[in-house]
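Noted in Swiss-Prot for the protein shown:
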TRANSMEM  9-29  transmembrane segment
TRANSMEM  39-57  transmembrane segment
TRANSMEM  65-85  transmembrane segment
TRANSMEM  98-118  transmembrane segment
TRANSMEM  121-141  transmembrane segment
TRANSMEM  156-176  transmembrane segment
TRANSMEM  193-213  transmembrane segment
TRANSMEM  230-250  transmembrane segment
TRANSMEM  259-279  transmembrane segment
TRANSMEM  312-332  transmembrane segment
TRANSMEM  394-414  transmembrane segment
TRANSMEM  436-456  transmembrane segment
């Protein structure tokens, strides 16, 4: 390795150094400065990744800036940046003070940047678990709410189980293949059984991370108890990271028919159970939690195809889903400055009294339902198209039906925003940071709905 090689992993270095600076120097800085430094750090890391050419040469042992990393790192940085912007006004009205919050967001981003660059199983495991550790802390940050601590404890306990599954699975893959390198951890005639078993255990571990049924029970409580901006970051970046881990392993592995049945069951149950459970929810965060279970079922369907089209659909939908959930939870956070608005009924008439935030929330609901001309429609179209083309027609039909059913509970939120009046006073005006973040997420959703070609080209390049 020579020093110039390090420029390809500068996003990792930038986020790591930025997190340490915010944490160590925070007590010496003015209030609010740490959040600004963290936001600039996330933006700088994302821009560096965009303008750095991928390389097949490892920058350091175990870390290579691949085309996939060039796609995912800016996505993670954008999610972290919008989360920090949305957190500014929300945290001022909560007991979430000091430099710990922005520093922990940057530590999570650091691990997220490491993950797509990893070229061996050990670094991959450390990266995905470091992401989880950061979120255990972030979920419990709202000290004024007992639900926040309860959510963090539940997430920690379930995360420990997921970590055990993942570690055991990687150990089996290592035992069978004799190497930690991703390129060498493939099944052969003499080691197929043990490597396939390792794969099965890793999939179960990632099922916890992705909230796939039956490993989904922690999700509604954690989303409900977490601060809304944290729920936005958790429901997007951690999910895309877990799906990307499976994608990275699959791209190095030949098809393994024995894994098809577990993936089919995980996808089928998640799409059906997630959407049916969401129908009964009156709490908007729990509704979005169950809907995220269904959306992860769609991602698993794309992964199941084992085709380039399926993997492209996974990355495309991951990017669009990030924007949709950031918009949804961001609007919830901005509308909950004075008090938590947990129930769908709490949003009655807010489409008129808070038109920007109500409009963004309505747009996010329409996009999550997959209605045109939003990015959600484009994402679902490519998911189901790739599934049908990959021979999973029956599962695609189930997915289409479940997506149609989901329109009911998404439109229920839109109806509450615009078809009901409320006697409650209008919410406080949106902070400038909230407005910028929400407008960026909404613009991304709309632009991808009418002009998805640029993102499709980026996805194609990421799979080279």
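Each position is counted from 1, following the chain as shown.
Just so it is clear, glycine is given a Cβ too, placed from its N, Cα and C backbone atoms.
Proximity of the transmembrane segment (65-85) to the transmembrane segment (312-332) is established through 3 or more Cβ-Cβ distances under 8 Å for residue pairs spaced 6 or more apart. The stretch from 9-29, 39-57, 193-213, 230-250, 312-332 that makes the most Cβ contacts under 8 Å with the transmembrane segment (98-118) is 9-29.
Contacts between the transmembrane segment (193-213) and the transmembrane segment (259-279): present, as 3 or more C-beta pairs lie under 8 angstroms, all at sequence separation of six or more.
Sequence-remote contacts of a segment are chain residues at least 6 beyond its ends whose Cβ falls under 8 Å from one of its Cβ atoms, and for the transmembrane segment (312-332) they are 71, 75, 78-79, 82-83, 86, 228-229, 231-232, 235-237, 239-240, 243-244, 247, 284-285, 288, 292, 295, 298-299, 302-303, 341, 357-358, 360-361, 363-365, 367-368, 375-376, 378-380, 382-383, 385-386, 434, 437-438, 441-442, 444-445, 448, 452, 455-456, 459-460, 462-463.
Most Cβ pairs under 8 A with the transmembrane segment (230-250) among the ranges 39-57, 121-141, 156-176, 259-279 are made by 121-141. For the transmembrane segment (9-29), the list of distant contacts is 37-38, 41-42, 44-46, 48-49, 52, 59-60, 63, 65, 73, 77, 98-100, 102-103, 106-107, 109-110, 113-114, 117: same-chain residues at least six beyond its ends, Cβ to Cβ under 8 Å. Counting only same-chain residues 6+ beyond the ends of the transmembrane segment (121-141), those with a CB under 8 A from a CB of the stretch are 62-63, 96, 100-101, 104-105, 107-108, 110-112, 114-115, 148-149, 151-153, 155-156, 159, 162-163, 166-167, 170, 173-174, 180-182, 185, 209, 222, 225-227, 230, 233-234, 237-238, 241-242, 245, 248. Long-range contacts of the transmembrane segment (39-57) within the same chain: residues 5, 7-8, 10-11, 14-15, 18-19, 22, 64-67, 69-70, 73-74, 76-78, 80-81, 84-85, 102, 105-106, 109, 113, each at least 6 residues beyond the stretch ends and with a Cβ under 8 Å from a Cβ of the stretch.
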